[in-house]
Amino acid sequence: MIEPVVGYRMLQAIGWPWPGPPADSAWQAMCAMYSQCRPARVIEQHRSGYVVAEAPEVPIKVESLPAWQRRSFPPHERAVVGDWVLLDGRRIVALLPRRTVIKRLAAGEHYRQQLIAANLDTAFIVCGLDGDFNPRRIERYCVLIASGGVEPVVVLTKVDLCVDVAAAVAVLREHSSQALAVVAVDARKAEPVVALYPWLLPGRTVALLGSSGAGKSTLTNTLLGEQRMKVGEVRQRDSRGRHTTTHRALLPLPSGACLIDTPGMRELKFTGEEDLVEEFADIELLATQCRFRDCAHQAEPGCAVRAAIGCGTLDPQRLHHYFKLRGEIVGAADRSMLRRY
């Protein structure tokens, strides 16, 4: 691989994981195949093409692989914001293996994967402490994020509209099986920079996820230290806002981390049963202790899951939500199989 013109230090400033050439064997093999190419990171994705960077604040418009432009090409095999690619001039010639990824089923009835962002360390689930506060939706975000190998962190905004912030945090912890990090901030002030700094260290990449009107753009502006992102108004009747972020973009932060801002997501559909394993690890572990391997956790004798509910160590509502999400995944998979025949 040709040494980057700007040097690895500049690549590190946009999230390159190593101080020099790649240490990962899969990356090494790919770079050896394209030894005359140089690495860059996708910072914007548009219908017309991609914008990449080899250094902070130096965007380059590039052409994608011809195969990516075919409608029949699998969408999840195209580059997304956060991906690392290899360039030949101003043309993408290869996509480097992803370390982590956040994906969902595309909105609508079609069983099609949609990638949100790649090569992340953390995802901030931004939720306003107003009518937008929904612990079950936050739990869905956690499932979606953790299944891709990314750490979820809940960022509660609009604290001035909440009478009891501590109670809201307690509710979230009750709905999570893991030691979920929850941070409550006023996104308009400088405090988020301090409160969120442990996840914003140099070289790390963080994404902002959440519904429209949750305060993602306001938080982005605060972390950037400037009014770069447009902030929209929120309807009082349902606390929902218009999409002020219209496309995903990777932005370098003053802290040395990279931030990926995303449009609000109305639907959160999962791609497979493996999505549930991380967030519902407690139920999955209990299931291994059931008498029957095919236990449905309904009324079977020797069901460890039902026993946990009986002794109060498992919340019945949590099991109900697990069944609901699992049913969605199985139903989507069944519809996909029917379309193949």
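Including glycine, each Cβ sits where the backbone N, Cα and C put it.
Marked as GTP binding site by Swiss-Prot: Thr157, Lys158, Val159, Asp160, Gly210, Ser211, Ser212, Gly213, Ala214, Gly215, Lys216, Ser217, Thr218. Per Swiss-Prot, the feature Zn(2+) binding site maps to Cys290, Cys295, His297, Cys303; the stated evidence is sequence analysis. Positions annotated as domain 'CP-type G' by Swiss-Prot: 112-268.
Positions of the features from Swiss-Prot, shown on the structure.
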residue: Val159; record: GTP binding site; DSSP (3 states): helix
residue: Gly210; record: GTP binding site; DSSP (3 states): coil
residue: Lys216; record: GTP binding site; DSSP (3 states): helix
residue: Cys290; record: Zn(2+) binding site; DSSP (3 states): coil
residue: Cys295; record: Zn(2+) binding site; DSSP (3 states): coil
residue: Cys303; record: Zn(2+) binding site; DSSP (3 states): coil
When the Cα-Cα distance from Cys290 (Zn(2+) binding site) is computed for each of the binding-site residues Thr157, Val159, Gly210, Thr218, which gives the smallest value?
Gly210
Need one number: mean pLDDT over the domain 'CP-type G' (112-268).
81
Which of the binding-site residues Cys295, His297, Cys303 has its Cα nearest to the Cα of Ala214 (GTP binding site)?
His297
Measuring CA to CA, name the entry from the binding-site residues Cys295, His297, Cys303 that ends up nearest Thr157 (GTP binding site).
His297
Between the binding-site residues Val159, Ala214, Cys290, Cys295, Cys303, the one whose Cβ has the fewest other Cβ atoms within 10 Å is Val159
Of Cys295, His297, Cys303, which is closest to Val159 (GTP binding site) if I measure between C-alpha atoms? They're all binding-site residues.
His297
Quick check: with Cys290, Cys295, His297, Cys303 left out, which same-chain residues have Cβ atoms within 8 Å of the centroid of the Zn(2+) site Cβ atoms?
Leu286, Ala287, Arg291, Phe292, Ala296, Gln298, Glu300, Gly302, Ala304, Val305, Arg306
Among the binding-site residues Lys216, His297, which residue has its Cβ surrounded by the fewest other Cβ atoms within 10 Å?
His297
Counting across all protein chains, other CB atoms within 10 angstroms of the CB of Gly210 (GTP binding site) number 25
Rounded Cα separation (Å) that holds between His297 (Zn(2+) binding site) and Gly210 (GTP binding site):
32
Cys303 (Zn(2+) binding site) and Gly210 (GTP binding site), compared by Cα position, are separated in whole Å by 36
